[in-house]
Each structure stands twice: as C-alpha cells, then as structure tokens.
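Enquirer: Quick paste of what TrEMBL says about this protein:
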- 292-461: domain 'Helicase ATP-binding' (DOMAIN)
- 495-714: domain 'Helicase C-terminal' (DOMAIN)
- C524, C527, C564, C567: Zn(2+) 1 binding site (BINDING)
- C533, C536, C551, C554: Zn(2+) 2 binding site (BINDING)
Amino acid sequence: MVDFIDVIIPIPLKKLFTYTVTQAEAAFLKPGMRVAVPFGKSKIYTGIVFSIHKEAPAAYEAKDVQQILDDKPAVNSQQLQFWGWIASYYMCTLGDVMRAALPSAFILESETVVSKSKVHLADESILKDDEFLIYEALQHQSSLKIHDISNILGKKNVLPVIKRLIEKEAITVEEEVYEKYKPKLVRYVKLHNSYTSEKDFHELMEELGRAPKQREVVLTLFSISAKTKKPVKVTDLVADSGASSSIIKALVDKGILEEYHIQTDRVEYSGDDTSDLKQLNEHQEKALKTIQTSFETHSVTLLHGVTSSGKTEVYVKLIESVINEGKQVLYLLPEIALTTQLITRLQNYFGEKVAVFHSKYSVQERVEVWNHVLNHSAKAQIVLGARSSIFLPFSNLGLIVVDEEHEQSFKQFDPAPRYHARDAAVVLSHVHKAKTLLGSATPSLESYYNAKQNKYGFAELTVRYNNVLMPDIELVDVKEKQKKKRMKGHFSDRLIEEMTEALAEGHQIILFQNRRGFSPIVECKTCGHAPECPNCDVSLTFHQYRNQLRCHYCGYQAAMIQDCMACGGQDLDSKGFGTEQIEEEVKLLFPDHKVGRMDLDTTRGKYGYEKIITALEQQEIDILVGTQMLTKGLDFRNVKLVGIMNADNMLNFPDFRAHERSFQLMLQVAGRAGRTEERGKVLIQTYNPHHNILQQVSTNNYTEMFKEQMNDRYNFKYPPIYKQIKITLKHKDFNRVETASIWFAKSLRQVFGEHVLGPEAPPVARIRNQFHKNILVKIPKQQSLAKTKEAIIKINNSFASVKDFRSVRVILNVDNF
Ligand code: ADP
Ligand code: ZN
C-alpha cells in the first residue's frame, strides 16, 4: 500500500502534482515540508508538500518522491493558507507564489541555463521553426532558462528542441547552481588559556619585551575585553592596536593568541541602548486613541496624516504595545522609503528587535531574517520590509503597518504573482487575526473610499508636528513667462529668485523633474526623425554623462549619434528634458553651489541611494535634482524650497490614475519642504495653472480631489467603483497577436458584454520585440469576482487549445496598476 502527497513545484503548473510515498513517510510528512521530486523527463525540483492523502491521480501514474528534505515544515500553515489566497485572487499558480515567496536558497536545485553558441551559425535555414524562435530570442538576451523557453514555445517539454539546437551547435548549455545559504563566520581572537592567570600574563609580558609590536597587540586585546566584556573581533583588534594582520598571525602561530569563529548575522544592530519613545502631542495622542478604538470594530484602519505630522511616532506607539503582548509586527513600506534614516529611527527605540528585509540585501541576509521570523526569535519581532516581506514565515502577527499606502510600487508588475502588497497585507492580517494600519499623507482613492464606506476605520492628523505651517505652494505660468521672456532655460524668474534667496539664507533646495512621458529626447531639426529603440516602439533617451542613447524599456544602449540617421542633417535638438539637463542648467545658474542628482542612474548599487541622502543630510549638497525617488518619506531638516520643474507631463500621462498620482506626487515632494520651524516654499511650473489638480495641490485640498476623481471613476466605471482585470497578449508576430486578441476579446464580450474594453495597443506597443495588446474587463460591485475569474480562465483554456494561439503569451493582471 502506498499513500500520496500533493506537491507545489516552483513552476507555473495549473494543478498540484501528486507523488507516492510509503506509509511510514506519509506518517512523517507534514504540509509545508520540502521534498525533491522528479518532473518531466529528467528534472528534479524542490517542492512543498501541500497535502497528504490516499487518492491516486486519475490521469497519470504517480511517481515516487525522490527525497524528503526537511524534518519540520519550512513553510507554516498560515503561509500555505495565504499562498492559496494569492494564487486564487491574482489568478496565478501556487508554483508562481512559491517562487516569489521562498528565498531562492531554499529551492535547492540546478537550473539549466541556455546561451548562444560562441560559434557563428552559418546557415539559419537548417533550423526548424521552434528551434529558430529560441535561436532568435538568444540574439537579444544573453541567456534563457528552461521556463523562458517553454514560455516562448508555449509548451512544457522543450528538452527535445534544446537537444537538437545543441546538436546543430546553435546554443550551449550550462548548469547554474543556486547559491546556497552559508552563515557568515566572523573571526575572533582570545588569549590562549595558558596565559589567563595573572602570573602567566606577567611572564608573557616580560617575554614579549623584545617584541614591542606583539606586546602592544596583547595589551590592546586585554584592554578591549576588559572594557567590553565581550568576545573580541580580529577586525576590532587590528583597528584598535594599529597592528597588521601578520603580527596577529605570528601571535596565533606562537600559541599566544587563539583564533575562533562565531556565526553571526550579517545585518547586525550595533547601536547602544535604546532610547525612550517620544511623548506624543495632543493631536498624535488623539489619533492613536481613534485608531485603537477603531481596531475594536474594524480590522483595518486608515491614518490620513499630512506630511510631517508625526505618523511614524504614532506607528511606534502601536508597535510597542503589540510587541509587549509577545506578537510580531510587520512594517511595510515602499522599497525606496526603506532608508537608513528610518531604520535607525526604529532601532533607536526597539534595538535589535528590528530586522530589515530588502531586495537589495543578499540571499544570505534574507535567509537570516527568514529564520529569525520562522523561529519567532526576538531578533525579528519587528520586520521592516518592502513588498515581498509579506511572504515571511510569521506565525503570530499582531499588527501590519503599511506606510505610504498609496504607493503604486506595492503592486508587483512582473512576474506572477502580480499581487498588491497592501491588499495582500489586509488578507495576511485576517489569517493571523491581526490588525492593519494604512498610513499616508495622500491616501489612495481605494483606501479613502473604503474608509468612507466604513469598511475601514479612519483617523486623521491635520497639522504638522510642532505646528509648522504646511508649505506655501505657488503656481508659475510657464506660457506667460515665455511670452514675457522671463525664462532662462527651464527656469522661470520666480524660481530663480526663490532659489537665490533660499541659498543666501543657507537653506537647501530640491528640484523635482518627472522623466516619464513620451516626448522624444533627440530630434532632427531638419527632418524631424528621432532615433528609436530597435527592440521597442519608443524613442531613445539621451544620456549626456555617458554620451549615449538608451532605451528605458529594454536597456538597449548606443553611442550618441552625430548626425541624423534619416537625413544626415547635423542639427539635432533635444526635446523634453530630464534630470541631467536640469542639473547642467542649475550648475550654470548657481556656479558657486554644490548640485547633486538623484535618479535611477545615480543610485545603482546597494548604497547608491543612501549616499546621496546622507550627502544632503550633511549639507554637502545645496541643490538636489531628482525624480520621484525624492518623494518617499524623507525627513530633511534644512530643505526650505522645493521646485517642481514641469507639472504637465505627469498630468497628461495616459492612465486613468494619472490625476490622482500627480496630486500624490506633487504633495509628497512639496512635503519635503520646511519640515522644521520655518515654513517651506514650493513653486510649481506649469503651462496650465488652472488645472483642477494643480489648484487642489496648491490648497492642499485632498477631499476636493477625492470628490472630483471619484466622480470620474464613477462615470467611467473605474476602480474603486468597478474592479478590473487586465489581460495582456504578447507575441513577436504582430498579425498573430492582433488576431489572437480579437478572438479573446470577442469571447469575453459574449460573457461580459459592454464591460470588455479593447483589444488595444498600449502606448508602447512593442517591447523587447514583442507586440502587446491589452484587453480590460470591468467588474461591477454586484458581479461575483470568483465567477468572473472562472469565466476568464475557461476562455483562456479554450484560447490555449487553438493551435495558432498557443505561442501567444497571456498575462492576467487582477487590479492592474
Ligand atoms: P510623517 O511620518 O507624518 O511625515 P514624522 O513621523 O517623520 O512625520 O515626523 C516629522 C518630524 O517630527 C520628525 O523629525 C519627528 O522626529 C518629529 N516628531 C514627530 N512627532 C514627535 C513627537 N511626539 N515628539 C518629538 N518629535 C516628533
Ligand atoms: Zn528597447
């Protein structure tokens, strides 16, 4: 007799796969344990046991589990429940969720990686159609994994194709073994046991009289350990004694010092004792009470608090009371807001109870946090994390704080699961019977609407801490200024005046330039041609620093052209303007001041962003030019003036959320001005100063914005009034994606009628050589979401069974952003 287990495998399979186990194994196994299972012709995967039962699969003969990898579950039951919700709500597979949720070090496996052959293929016509698809894809990407290939070909079993390609010498195959987790070992030294008595120590000192450097090292070691009463790191000893490591080695060789290792965490709190929590002011106190009361009846509460009102201090109080009950806290925020500033602020209160989970940290660092959370260790009672930290193995969550809840970066765009971390956090809270606090100075319409409907509780902070006034916001009419010749480059006379004054007073300035928008950056003045990306339907952007043209969609780069590629003309104009150009202009206008720039190009690497923030904090930068990276929760003391260079391109962005987002973005950047004592000043340059959004921004009128935008959402059937699912079809052949998308939309219309929009091409219709088509399904409140999804899945299944459509990629995006 055998038993069966259903296993989650980290690949997008529609169903769980069933394997056989012995009865003894079945008795040992528990859901959440890892097993190694064979799949397909020759692959072995790490899977997660989902259930243990006695029912043989009807369609195939179950294979044996190859190996059991754990003796206790690596994934707990709350997680499995949460994974199930994510998969069903966001219409993806449990395998997709598993891949996103587990640190890759847990999925011990070797993945085949295919890359282009070094030899040039003389004759491409020897390749069959499917072989050519792979070969061609490799002309644009350096390598492909097996699942990429099966996506391209639209089938699971791709090994035969790969085998043929290898035989034809068109590709090569290598094995990429996932990095395994190794705890970091730190070297320590101590005095050898034979010198610990006072007498022996004195003898040793005399003995070392002729080796003063070595004597110095031993004395330093003695004084460090007397002072700290803790093990002494080799690095500390080197730093304090000024000795080279060869001297220490000599002492170790002589048997005077002894070297040993202790396993440590990479992310370590090195601060001193924790400081007391701040005393809340009356407004904060009131907001805290309101939140606590609302938690008695609502599991989710929204805190709408203007910038610099002290929301963080309110969170801190709530966090304190939850950890005092012995429960865990998750503090979620957009990755970019996860700054040292904030981490230090929390560590000052909670010391090493705070753990940080960030995608820029190494696999190792993430596994450490994972294990602390899994073991419910005091070291990670409070997790400060970006989007993916919702997948940590919490077992006893008491509170989730979602700060900057309006941020769109909480939504994962690609790959599946395409989840929204704020919304998923609410569900995660339910799983743990915990509470969720959403916080923002500019709440999303969704959350504010939920609060209005009394689905969520609501609390407010309407004044800044210390009663600092909200910044004074002035709109500058660029059209008017141009007419009167009062513009210098992209700077109006008003902006220059205010900048001059702020600098004279010793204040700092932030200039915000949103680079989104479609205007070509380089254009030929003679024929109007703009260089485009060869892989995508967008113009290339000029990057002055490297003198390059780059595609912001696929990363393509080329040297800047000297003359027009179409007509050969040499008069090239740079239209539109980015952060680099603003930086150049500022340097010319204010040559005596230090200018910095913060955008994707200047913040690469783990600490790139931090370095710029620190430079601003330490006033090494007088004027900082940046993109939306600037908007996220930063708290600078000396910034008095904020300039928004151009409000129009964000307002004109073709998206139903563009107005809401512009409002949020502008108020958030404005919120960086004048956070202490003196009132800040904000100048917004625009061609359209009468735009309602700009009027609402300048009067800080959230409720007016909410009313007006909700009206539009209601009229045009957009969220939060209607839910929506976006279906994207992609293929390298334009005609095929065209026919396929028409077929798909027609089938959807038969079920949902007028609530189907499209197919239509997105603003950038081709990316990485794939043509895109979008179809939107709008779902009224009274229509069952579950039934809607069922119908879409059914249509998708029949779609996949049409031979011509099999290679078309279909992406389902629930609550798309
Ligand atoms: P928000 O998160 O609402 O933008 P912060 O929590 O960052 O605001 O607070 C703004 C500033 O005011 C911070 O420098 C913070 O240290 C200070 N602050 C807020 N509340 C208090 C308090 N109760 N006592 C002392 N300082 C406070
Ligand atoms: Zn491109």
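Going from the start of the chain as shown, residues are counted 1 onward.
Keep in mind that glycine also has a Cβ here, set from the backbone N, Cα and C atoms.
Given the structure is predicted, the values throughout are model-derived calculations rather than measurements.
Distances, neighbours, how buried they are, the whole picture for these features please.
Expert: C564 (Zn(2+) 1 binding site) is surrounded by 21 other CB atoms, counting those within 10 A of its CB over all protein chains shown. Look at C564 (Zn(2+) 1 binding site): DSSP puts it in coil.
In the three-state DSSP assignment, the secondary structure recorded for C533 (Zn(2+) 2 binding site) is coil. Neighbours of C533 (Zn(2+) 2 binding site), defined as other CB atoms within 10 A of its CB across all chains, total 25.
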Enquirer: Out of the binding-site residues I have (C524, C527, C533, C536, C551, C554), which ones have their Cβ sitting under 6 Å from ligand 2?
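Expert: Cβ < 6 Å from ligand 2, in sequence order: C533, C536, C551, C554.
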Enquirer: Measuring Cα to Cα, how many angstrom lie between C536 (Zn(2+) 2 binding site) and C564 (Zn(2+) 1 binding site)?
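Expert: Between the alpha carbons of C536 (Zn(2+) 2 binding site) and C564 (Zn(2+) 1 binding site) there are 19 Å.
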Enquirer: Determine, to the nearest whole angstrom, how far the Cα atom of C533 (Zn(2+) 2 binding site) is from the Cα atom of C567 (Zn(2+) 1 binding site).
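Expert: Pair distance, Cα basis, whole Å: 18 Å.
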Enquirer: Cα-Cα, whole number of Å: C551 (Zn(2+) 2 binding site) versus C524 (Zn(2+) 1 binding site)?
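Expert: Checking the Cα atoms of C551 (Zn(2+) 2 binding site) and C524 (Zn(2+) 1 binding site) gives a distance of 18 Å.
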Enquirer: An 8 Å radius from the center of the C533, C536, C551, C554 Cβ atoms defines the neighbourhood of the Zn(2+) 2 site; name the other residues of that chain inside it, in order.
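Expert: Not counting the recorded site residues, we get P534, N535, V538, L540, H552, Y553, G555, Y556, I767, R768.
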Enquirer: With an 8 Å cut-off on Cβ distance to the C524, C527, C564, C567 Cβ center, who else from the chain surrounds the Zn(2+) 1 site?
Expert: K525, T526, G528, H529, D563, M565, A566, G568, G569
Enquirer: In angstrom units, rounded to an integer, how far apart are the Cα atoms of C567 (Zn(2+) 1 binding site) and C554 (Zn(2+) 2 binding site)?
Expert: 26
